[in-house]
Amino acid sequence: MNGGQAHQRFGMQIPKFQSQNHHPHHTQQPHHHTHHNQASHNINHQHQFSSGALASATPHFTPSHMQNGAHTNVDEDIDDSMNEHWQQQLQLAAESRQANSPHYHARSVAQQAKGIQIAPSQPDTQEQGSDGQNGVGKTKAVSRQGWHALDFGGQGLRALSTSLFNYVFLEKLYLNHNKLKSLPPTIGHLRKLSHLDLSGNDLTELPDEIGMLTNLRKLYLFDNNIRTLPYEMGYLYRLDTLGIEGNPLNDVLKSHIMKEGTKALIKYLKEEMPVHLPPPDRDWVVLDETASASTEKITVLSYNTLCDSSATQSHYGYAPARVLSWEFRRELILSELRSHGSDIVCLQEIDQGSYNEYFREQLAYNDYKGVYWPRGRAMGMQEEDAKGVDGCATFFKGSKFILLDKQLINFGQTAVRRPDAKGQDDIYNRLWQKDHIAVVVFLENRQTGSRFIVVNAHLYWDPAFKDVKLIQTAILMEEITKLSETYAKWPACTDKAAFRFSKEEGQTEAPPPEEPAPSVQYSSGDQIPLLMCGDLNSSPGSAAYNLIAHGRLDEEHPDLEKRLYGNLSKVGMTHPFKLKSAYGSIGELPFTNYTPDFKDILDYIWYSSNSLHVSALLGEVDKDYLQKVPGFPNYHFPSDHIALFAEFTVKGKKGKVVEADFGPQRN
């Protein structure tokens, strides 16, 4: 994206219907989109711009000729030129040419508000579909802005003020019948636009950033001089109508829209989109350089990989079919895991089949051992069906750590087993039905004797169930507290030798391994270093976040909505750990989940600050790269989430060292 390929377009020199290998394309499912009713307050807001080209525009400009001079040409070699798709093009183009007077659309809205009958325009298409399953919410934020449209039509504009692109709340923008020769790349800032009219200008091309406008339903380009379209228009998966008549568009693109309509052309551009240059590597942000060479360090990676069953065109319609294919994405995921070489890896949304048949085997070559549990729904399923159920997988370096214990926490099942669950309807009706889990492993460093509790969790996603996410978090912390007290009494490890292959004939004797230190015993559970990773589907400042960060939450918290969850909703929620978010050291990342409709922080690596200190972090994704990428997954990021990766130093141990009996020793 940062190199020459970023400006590559579909030029006329490319052969018609060039053949490329692609995975079968999934049928696109519509997403829900709400159109706001435009009232009379939308009119005459052009006075908001007091300087620049917008202010100097004259309201008396009327085009004296049609752009390009050939708005009715249809290539002779294209059949069915009068099918329904092209008939719509001609009809909309005719309507566009009649709208050449100044502020035509704003005046039409005003006339409608006064009850004056005007010629009807093409109705907006209302589509219904399912929301995505990842993220805190996909609903549009409530805006205090009273108007959402601007009409600069018929003004004779030759340039656009940069101030215009600060109006990110705009949903409709009319720039038709002016004298614009180019559209600034900053058009990509107006990501809420559903209607953009650029008809009747002198445009010869569109910027790649047009692909950022993924909410577009209508894009009118009638009567310009456009010969080709940027591949990035393939991101416009919601686009219903592309008005292109009156442009000398090249034959291949014109054939698609004439014969099959807008959707077919957008799909073609999406599937034929070249792989752009990758972004620069994410920076390794060093926070503490004071640690000595002898200081014990541990690295941890957390990653929601987006399971195969969730990576559908209905949820990720902007992504090419190949990008969504699991065979492609799993290779990228594996490559990233290997490149970081983290001591501990916590993966969410890994299905059973992928764990058993791919990741466990592949990561074994890199010294990893794994612990895995699927979500609760896998119980009772046929073996083949259960393979598609996702869960949480925790990997650790086998040469560095000993697995002392592993546990599954099923939030719903744990809740109904609580003594105070009787008569608490919300536990059964809201919480028990959700089968989200956490996986806990208890590890010991073979050489240093330090022990670690590692938690890998995935909470429920739906923003309408804030109470469920909060109670899942409370149960998680309650169960970790119980386990930590058990682990504080765990006996010393007596066998720390890592497996070693016997030397082959002719090989020199390897130096003997360093004598391992005895196991460290901890006086209480909250003294054991704790690392808690996962997709909590909760933003900073949410109830779930605050409970983890502050150690307590009041029973009257509004997220509980006065629902009944036993003692958790009667006396409140607490935990004894002093936890901090690793990325809180840099004010958190701009996002950990990135899609066209949602960009926020959902994923975390929490650590016990009394026993661990964060020393380095993997930084954010390059900002320039994101200017032309509306959402993940794509060819460089295989999930809608990004990986978190942190390095910690182990603080001085507050427990006492327990000498383990290693048996007879050689002198």
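Here the Cβ of each residue, glycine as well, is placed from N, Cα and C on the backbone.
Swiss-Prot annotations:
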type: REGION; residues: 18-40; note: region 'Disordered'
type: COMPBIAS; residues: 22-38; note: compositional bias 'Basic residues'
type: REGION; residues: 55-140; note: region 'Disordered'
type: COMPBIAS; residues: 55-71; note: compositional bias 'Polar residues'
type: COMPBIAS; residues: 84-101; note: compositional bias 'Polar residues'
type: COMPBIAS; residues: 119-133; note: compositional bias 'Polar residues'
type: REPEAT; residues: 169-190; note: repeat 'LRR 1'
type: REPEAT; residues: 192-213; note: repeat 'LRR 2'
type: REPEAT; residues: 215-236; note: repeat 'LRR 3'
type: REPEAT; residues: 238-259; note: repeat 'LRR 4'
type: BINDING; residues: E349; note: Mg(2+) binding site
type: REGION; residues: 502-522; note: region 'Disordered'
Same chain, |i - j| six or more, Cβ under 8 Å of the residue listed as 'Mg(2+) binding site'; the result in sequence order is N304, T305, L306, C307, S310, D390, H458, D535, S639
For the repeat 'LRR 2' (192-213), could you work out the same-chain residues 6 or more beyond its ends whose Cβ comes under 8 Å from its Cβ atoms?
6-7, 9, 33, 35, 63, 66-67, 93, 96-97, 100, 105, 140, 148-149, 153, 168-186, 219-236, 243, 246, 627-628, 630
What is the three-state DSSP composition of the repeat 'LRR 3' (215-236), stated as helix, strand and coil residue counts?
5 helix, 4 strand, 13 coil
Can you tell me how the residues of the repeat 'LRR 2' (192-213) break down into helix, strand and coil by DSSP?
5 helix, 3 strand, 14 coil
Residue counts in helix (H, G, I), strand (E, B) and coil for the compositional bias 'Polar residues' (84-101), per DSSP?
15 helix, 0 strand, 3 coil
